Amino acid sequence: MNIMDFNVKKLAADAGTFLSRAVQFTEEKLGQAEKTELDAHLENLLSKAECTKVWTEKIMKQTEVLLQPNPNARIEEFVYEKLDRKAPSRINNPELLGQYMIDAGTEFGPGTAYGNALIKCGETQKRIGTADRELIQTSALNFLTPLRNFIEGDYKTIAKERKLLQNKRLDLDAAKTRLKKAKAAETRASSEQELRITQSEFDRQAEITRLLLEGISSTHAHHLRCLNDFVEAQMTYYAQCYQYMLDLQKQLGSFPSIYHCNNNQTSVAPIPSASSNAIGSSALTSTSGLVITSPSNLTDLKECSGSRKARVLYDYDAANSTELSLLADEVITVFSVVGMDSDWLMGERGNQKGRVPITYLELLN
């Protein structure tokens with residue numbers, strides 16, 4: 001037998017097998033043939049694997065959207081990944097905003113309040129951009145890659161073996177049908193031999209599929225560790241951003257008198273680093289979240305030639321030697337000085353003296 005004859009016979013056998021499976025599948029759908037049911041344990045494993053695949057895909061895709069909201073950038077990264085090439089580094093949104101702020105501040109003049117503030121804000125935005133880049137890299141490596149490896153690796157193997165099991169099941173049921181229809185003894189003996197072979201192949205394939213499916217529990221355990229890594233990366237990112245903004249807030253809070261000179265408006269004292277629901281009768285909360293000393297107490301203090309006691313609401317770090325650092329809940333002596341900015345008072349604690357922001361104080365009776 002030459003190779004050509006062998007290939008022809010093999011194709012004919014494959015075609016016969018395919019036709020037999022198609023007939024069996026159609027008759028099952030029409031209710032004209034019996035179907036061998038898988039055992040309950042195997043059915044549960046198959047359902048668990050399919051559920052894992054569906055939700056893993058959804059979580060993976062939405063995480064990609066969270067880390068990279070720009071769909072065009074995601075497509076570009078996908079193409080480079082398939083080409084096994086590194087995507088070119090691009091500036092992200094916080095970094096771009098930061099660069100615009102720095103450029104604007106430089107043009108307005110670093111010596112002006114607005115220009116200086118823009119530069120400081122820009123530098124902070126660029127630091128946030130760097131943290132954002134680190135979050136994306138860490139999350140892609142420790143979270144997205146394992147999820148993608150499951151979808152493109154383990155689950156593809158499971159799907160392949162599951163399809164093979166389905167074919168073996170169709171072969172088994174087709175053999176059962178032919179045995180039922182066999183009349184002659186010779187035909188019946190041949191059908192029984194075919195049934196034994198197909199039953200053995202089906203049982204072996206069911207066992208292979210079951211072993212693969214039982215590995216889903218290990219997959220869940222691995223994905224749990226990856227999820228912890230993702231949460232830790234997010235926690236690090238948000239903690240960095242919070243610290244950056246806290247530092248920026250303190251820097252911006254050191255320019256209240258400059259704001260007054262530049263804008264010819266009422267100056268703004270530093271915003272406290274923590275918010276309070278109730279600040280007492282001497283403070284009100286504005287709609288923008290700034291804590292403002294009530295006019296009545298402020299007027300009383302301005303009209304009084306003496307000093308008053310005040311309770312400190314929040315910690316405050318002095319920006320320079322003219323200011324006094326404060327600790328929350330301590331009581332200090334405050335008094336007004338002619339010519340001083342309206343949002344500041346002179347504070348005194350023992351031998352220490354310096355300017356303090358009114359928004360950090362609750363004046364006592």
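Even glycines carry a Cβ here, placed using N, Cα and C.
Within its own chain, the coiled coil (158-192) has Cβ neighbours under 8 Å at 17, 20-21, 23-25, 27-28, 33-36, 38, 46, 49, 198-199, 201-202, 205-206, 208-209, 212-213, counting only residues six or more beyond its boundaries. Annotation source TrEMBL lists coiled coil at 158-192.
Positions annotated as domain 'BAR' by TrEMBL: 27-261.
For 305-365, the entry in TrEMBL reads domain 'SH3'. Per-residue pLDDT, averaged along the domain 'SH3' (305-365), amounts to 89 for this model.
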Where DSSP helix means H, G or I and strand means E or B, what are the helix, strand and coil counts for the domain 'SH3' (305-365)?
3 helix, 28 strand, 30 coil
